[in-house]
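Taken from TrEMBL, the feature transmembrane segment covers A:18-36, A:70-97, A:118-139, A:159-180, A:192-212, A:218-237, A:316-339, A:380-397.
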Amino acid sequence: MLGAFVRAFRTPDLRNKLLFTLFILTIYRLGSVIPAPGINPDAIRQCLQGAQTEDTTGLYSLVNLFSGGALLQLAIFALGIMPYITASIILNLLTVVIPRLEALKKEGQAGQAKITQYTRYLTVALALLQSTSIIAMARTGQLFQGACPPSSYMPSEDLLTLITIVFVMTAGTCVIMWFGELITERGVGNGMSLLIFTTVVAVFPSSMARIWSEQSPWIFAIICVAGLVLIAGVVFMEQAQRRIPVQYAKRMVGRRMYGGSSTYIPLKVNQAGVIPVIFASSLLYLPQLAIGLLGQDSDNPVVDFLSTYFGPTGTHPVYMASFFALIVGFAFFYVAITFNPAEVADNMKKYGGFIPGIRPGRPTAEYLDFVLTRLTTPGALYLGLIALLPMLALGASGASGNFPFGGTSILIMVGVGLDTVKQIESHLQQRNYEGFLR
Amino acid sequence: MVLGLSIVLMICSVLLVLLVLLHKGKGGGLSDLFGGGVTSSLGGSSVVERNLDRLTIITGLIWVVCAVVLGLLINRGA
């Protein structure tokens, strides 16, 4: 394990990539502690300490998770990559609905580049929208649930300062987007997911320290062990895959012999990754946004209904049930979008491949569909359970609301971590293979 | 002073957004977020991209310095 690290740093190419990635991540973390102009950092810190004693699963928990706590500090990178994620989700859903986008997606690389460009434009628009709404919430004091007077952390309230903050936050989101692309291009791993990874991990030490100071050592130990077991379980489930054997027929093209190899199609149990959880949480965040917009204490029946069933604490059984159902539904939906059995079967037929015992063409597609559906069922249930876990823990114990191993964060940590390690490994293998031949 | 810095900061922000959007988008959206396939982009960056990078970095530095100085000024003033 350590040897691999040493080897990774001995390879000059890989070392540069790793250092570049670390450098960008450091700048990103630095930017998320610099407060936006017109914000008093000391006052904010005091407000945070006051608010943290209340529940942590508050209104902006998910958004705050994706910004690594930068949102509640109103930093220049306050929005994090949330706008980019939202934009990608929206465009992903729209590809199913809008025929033009679907055509672009089928075009391959060029079309994909165009869709990426649309995502970027949408990100800027969303960033503008979100920063405006956050500033509006901060000004009315809603950001800290009224625990703190807004005049303390926003000393100057003139329009110029507010507009400047909105501009700065929007530009910050763009810079983050660029960072992500830079890491993808010149660093190791996928930039966007690495940035999410850092933000998720960044909140970890502080929440662990809080548990250490608030609870007895025994509870701390139990939480640590539970977290480790959970991580191991998630790794196990993420790696689980079914390999469907594929045999390629030998064929002669001119004097060369092609094919004749037997490979397999890996079908993961959790083919969709964390995306269903993120979809579901962003959808369930909408009612809370509506409550915030309509005003918390109006006697509007809609607000009343929303706040009883979909309130900010999110521990009502109806909320949990709909969260679970949404995750399961989205898992199937997303797998259906990303893996098209008919297309795979068609491609296999074209290159003379077949699954032993099954005819090529439509029977293969039907078989793949059957296997995939059967495989996704436990995968989707597992995703839902993992995501519900913090809420269940919250409901069961009541007091220990600050369980740091939230389902979404563990899924993200494990998923991104595994992916990055795999990429580093493939880089290493390239090197070693070369050295071996020499 | 505050007014001038605010205006500079806003101009910088707009410039930064435009410069970032001018870059060619890398990374294929959500599908390779969170563990998708390995997308290898062959071919180095062109001259245009390199100049864009340089411009973006300079603008970004000015932007950060402006933001910090303005924040300090407003907090001192209030």
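Note that Cβ sites are derived from N, Cα and C of the backbone, with glycine treated the same way.
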(request) Quick one: find which recorded stretch in A:18-36, A:70-97, A:159-180, A:192-212, A:316-339 has the most Cβ pairs under 8 Å with the transmembrane segment (A:118-139). (result) A:70-97
(request) Six or more residues out from either end of the transmembrane segment (A:316-339), which same-chain residues have a Cβ under 8 Å from its Cβ atoms? (result) 92, 95-96, 267, 270-272, 275-277, 279-281, 283-284, 308-310, 372-373, 376, 379-381, 383-384, 387-388, 391-392
(message) Quick check: do the transmembrane segment (A:18-36) and the transmembrane segment (A:218-237) share at least 3 Cβ pairs under 8 Å, counting only pairs 6+ apart in sequence?
(response) no
(request) Go through the chain and flag residues at least 6 beyond the ends of the transmembrane segment (A:159-180) whose CB is under 8 A from any CB in it; none is fine as an answer. (result) 24, 27-28, 31, 36-39, 74-81, 83-84, 120, 123-124, 127-128, 131-132, 134-135, 139, 191-192, 194-195
